[in-house]
Amino acid sequence: MKNKNSEQNTHYTIGEQDIHYFHEGKHIYAYEFMGAHKACEEGIEGIRFTTWAPNAKSICVIGDFNYWQVEDKNYMEPITDAGLWSVFIPNAKNGDKYKFVVTNKDTSHYVYKSDPYAFFSELRPNTASIITTETQYTWSDDKWLEKRAKTNYYDNPMNVYELHLASWKTKNGKFLTYDELSETLPQYIKEMGYTHVEFMPLHEHPLDASWGYQPTGFYSVNSRHGDIIGLKRLVDKLHNNDIGVILDWVPGHFCKDQHGLIYFDGSPCYEYQEPTKAINKGWETHNFDLGRNEVKCFLISNAMYWINEFHIDGLRVDAVSNILYLNYDREDGQWIPNIYGGHENLEGIAFLKELNGVLKHTCKGVITIAEESSSWPDISTPVEKGGLGFDFKWNMGWMNDTLRYISLDPVYRKYHHNLITFSMVYHYSEKFILSISHDEVVHGKKSLINKMWGDLWNKYAGLRLYMSYMIGHPGKKLIFMGSEFVQFVEWREYEQLQWQVVDQYESHKQTLHFFKKLNDFYHNETALWQCDYDHHGFRWIDANNSQQSILSFIRSSKDNKQKLIFICNFTPVTYYDYHLGVPDAGSYKEVFNSDNLEFGGSGQVMATEIFSSPQSSHGFEQRITIKIPPMATLVLKLIK
């Protein structure tokens, strides 16, 4: 098995070692020989096609090179008893479209299939694979990759901008190409102060409305936006602007369209044999058989493909709960317990551990993030310590609790104060990312601004308050596109964001400015990210002031030289002469205030320093007396 950390060769032939590791489930570069590859055999240039179909009777390759006719010379030959098939076709070339005609050995029924390992595919509704051998690109991101390999993301800033390429911006109603995006996206993300962009799935999928989460071409770059070189150029440009690239990745299930992986050889192949495990009724997809060696190779090699070929810096693994639980989204009687009588998917657990183990060993500095909605333990604990091995986990509990809280009338918030404080009870159990993702602004859930309580002024103030509280809360950050300039309608994947409102309305322009300033503040203050997962980095001042719906806490840097005091007022009431305990004697200065006039607030700011007095309050020996603006987050800093 070739240990490969660079782009694929123009010529590569399958060897005995490749075959052995593939069937053992240990090949992590299967894309180097599976699929369609340029080859020279007996002095003749052509393409070698290889696929896996253990229950096939025959497989014929048809395409542009043979006028889509089934011909004897284009039938694959079995090269192992375990289902590997291969054929060399001399006149096939780069750019030719093709498919596999797969005949089942039991029924003699045949199906037309796209190549599971194809690097490029036709734009929907067409479904043919496309021979793609010209994928070489000269990268210019060496400095970024060197820095990435040395970075400890736990004690560095991470502020992620989640993005759906098809609807971020369009041009005359048409998708932007990767090259067109390269001209605007990196600059925008850099100017806004985000450290990473997270792309929703970029592999080929037939249905736009699936957002990429029901893929058919796991190795095929989304053809809506261009080709492989274009995507590489976009990633390169992002890296040269010091922006990391995270990719949403879907290893749990796949689309059931007939040209895809479903019943690839006429019988369960990539999916489980048992219908209770294979069929995902909730999403109308099929679940991967994660205990099958060749399927594990397909998926882990796919992760390696995106990381090696496109220099992806991290994978956000979608729907981890669906991988972990046999009874996920199933009623009693619709699932079969494991060998120990439990609901845990033992094969799924082993797969996730193996995936994370491989990436940790081979891809220095690449991170994995779990989207997991249950309380499964040790998701972000290293594999060698008994965990699943992810670097981070989305904090779905924090998201649900706080969005519920912020939608309440402030009159009633006092009765639900735990919703805004409970997250710190379990925060240190995982390496959490606080995420306000695409899932929260669709399907009737309302846009982020419309989740806020009150009239228009209070909605804007509530959004600024909430986002400032989020920046202060321990954990890395993620927000979905459009929220930064206050899109009022829910996200619609079929049209671009409503960018025009920034030019039309001052309130939208002010909020965009607020997000930029907030992101800059986060990036510049070590206390906000250096100790996200260390108890030293956070301390409550007062978590129990439910009557006034005020939170106050301290964020500290590792060396304790930086301390920030957050005061979050979740009511539309101004509090005068508010006594607050502080850890140190001295003078305190306001360093951020979400009520600032330049953000659209009421302008109740602290223009002068506040001096502490030696009076006990909130368990501290010193206290300050301040005015707290309505629906606002105030941040103070000890200056001397």
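Going from the start of the chain as shown, residues are counted 1 onward.
Placed from the backbone N, Cα and C atoms, the Cβ positions cover glycine too.
Keep in mind that this is a model prediction, so the values were computed, not measured.
Some features that Swiss-Prot has for this protein:
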| type | residues | note |
| --- | --- | --- |
| ACT_SITE | Asp318 | active site, nucleophile |
| ACT_SITE | Glu371 | active site, proton donor |
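You'll find the Cα of Asp318 (active site, nucleophile) roughly 5 Å from the Cα of Glu371 (active site, proton donor).
Close to Glu371 (active site, proton donor) in the fold, though at least 6 residues off in sequence, lie Arg316, Val317, Asp318, Ala319, Val320, Trp394, Met396, each with a CB less than 8 Å from its CB.
In this structure, the residue listed as 'active site, nucleophile' belongs to neither helix nor strand by DSSP; it is coil. Counting every protein chain shown, the number of other Cβ atoms lying within 10 Å of the Cβ of Asp318 (active site, nucleophile) is 21.
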